[in-house]
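Okay, here's the structure, questions in a sec.
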Amino acid sequence: MPLISLRFIQPPSSQHSLCCFIRFWQNAYSALNTTARSDDVTFGYESRPCNKLSTGAILLADILPALAVKSIASFFPLAKHIRVSLCVCAAAAGFLLTAFATTQWVLFLGVIATSFSSGLGEATFLAYATYFNKNVISTWSSGTGGAGIAGSLSYTGLTELGLTPKTTILIMLVVPALEAAAFWVLLRHKDTDKPAVMADDKEKAEEIDYSTLPEEERPLENWNQKLRYIPSLFIFMIPLILVYLLEYFINQGLFELVYFPGIWLSQSAQYRWYQVIYQIGVFISRSSVNLVQFRHVWIMAVFQFINVVYFTFEAVYFFTPSIWIIFVLILWEGLLGGGGYVNTFYRLQTEVPAARREYAMMVTSISDSVGIALAGIAAIPSHNAICDLPVPDRLL
């Protein structure tokens with residue numbers, strides 16, 4: 001925590017770091033409930049050491065509410081204080097429901113609550129980021145990457161120390177409180193009643209008469225204009241959807257099936273460390289956009305498809321000789337996923353006209369959720385089909 005706090009004393013980028021800080025924790029509790037603990041709450045056992053109710057099922061419970069709220073958030077005013085209040089309350093409720101769950105439906109209800117909070121928070125904070133310096137996308141993305149590490153590593157570490165999943169989740173109730181404090185106490189707020197303009201262009205923005213601009217650069221004034229504008233964002237959305245579809249198919253459909261018996265880690269511990277290493281890769285790439293940018297996100301989707309092929313064959317045949325090779329491949333997978341995310345939103349921040357940037361951010365934020373939802377749908381039957389295959393030689 002001290003390392004994060006130091007960032008607040010570096011003007012003029014305090015707002016940027018603060019947005020990063022807020023999203024750091026906003027995403028952290030989602031990661032806690034939807035990745036690390038999902039392997040501890042699925043049930044059933046077949047001939048292979050796998051759960052017939054894969055984490056893909058919990059992934060759908062986690063992502064569908066977020067997808068729904070992102071789908072409609074862009075059509076409503078950016079009432080940031082109301083939205084963040086809902087995020088904080090839903091996050092706290094999700095923690096409590098998940099911690100005290102004794103049946104699957106209560107657990108799923110808790111996951112749904114955190115999903116609602118995460119989806120609304122991402123759509124809100126990304127749109128709000130357009131009112132700050134363009135470098136906020138770097139700190140935002142770095143924060144989301146750090147959140148994944150914090151969520152998965154804290155859960156893995158605390159459970160390895162002997163704490164129960166219930167106790168671990170209850171400890172993390174501090175997260176909604178920190179989010180509220182960061183947003184209402186530390187952040188210097190911007191006026192969202194006017195079209196979003198980056199701080200870098202503030203002086204020029206004061207002289208702009210939007211009625212004199214070309215049609216494609218004017219603010220979107222009604223729902224019809226907003227709907228007609230969405231296809232122009234497909235160039236950003238489709239590659240990102242593909243990247244997330246492929247990487248979450250691996251994470252939620254195949255990770256559980258990649259198992260090395262007789263080593264220092266149990267099967268559930270291996271799964272949790274897969275998530276930690278993946279999040280480290282995400283953090284590194286999401287923190288890199290100020291150093292290197294990639295316009296062609298579709299290339300990352302191609303590499304991610306190659307990863308899908310490799311992990312599918314590994315889940316079926318168990319041919320990789322060492323878990324360290326898997327660790328390296330998972331790190332690479334995370335680098336691709338994080339790179340796709342940060343470069344997509346960096347391009348939006350720098351290429352979309354200022355008057356349309358807030359709306360473009362909110363609409364494009366749905367891309368990762370669409371990809372994740374599709375991955376969950378595909379992961380469940382694929383996972384179960386592999387579970388029904390004969391036991392591989394490595395497990396005999």
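Here, residue 1 is simply the first one shown, and the rest follow in order.
The backbone N, Cα and C atoms fix where each Cβ goes, glycine too.
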Quick test of your reading of TrEMBL: among 252-270, 271-289, where does it put transmembrane segment?
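Per TrEMBL, the stretch marked transmembrane segment is 271-289.
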Which range, 13-35, 358-380, does TrEMBL list as transmembrane segment?
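Per TrEMBL, the stretch marked transmembrane segment is 358-380.
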So which range, 57-81, 107-131, gets flagged transmembrane segment in TrEMBL?
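Going through 57-81, 107-131 one by one, TrEMBL gives transmembrane segment for 107-131.
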Which range out of 107-131, 168-187, 229-251, 323-346 gives the transmembrane segment (271-289) the most CB pairs under 8 Å?
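Result: 323-346.
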For the transmembrane segment (82-100) and the transmembrane segment (358-380), decide whether they are in contact, meaning at least 3 CB pairs lie under 8 A, counting pairs 6 or more apart in sequence.
no
If we skip the immediate neighbours and take only residues 6+ beyond the ends of the transmembrane segment (358-380), which ones have a Cβ under 8 Å from one of its Cβ atoms?
54-57, 59-60, 63-64, 66-67, 70-71, 73-74, 78, 119, 122-123, 126-127, 129-131, 192, 195-196, 220, 226, 229-230, 233, 236-238, 240-249, 251-254, 341, 344-345, 348-349, 352
Using a Cβ-Cβ cut-off of under 8 Å, list the residues of the same chain that are 6+ residues beyond the ends of the transmembrane segment (229-251) and lie near it.
35, 55, 59, 220, 274-275, 278, 296-298, 300-301, 304-305, 307-308, 311, 333-334, 336-337, 340-341, 344, 347-348, 356, 359-360, 363-364, 366-368, 370-372, 374-376, 378-379, 382
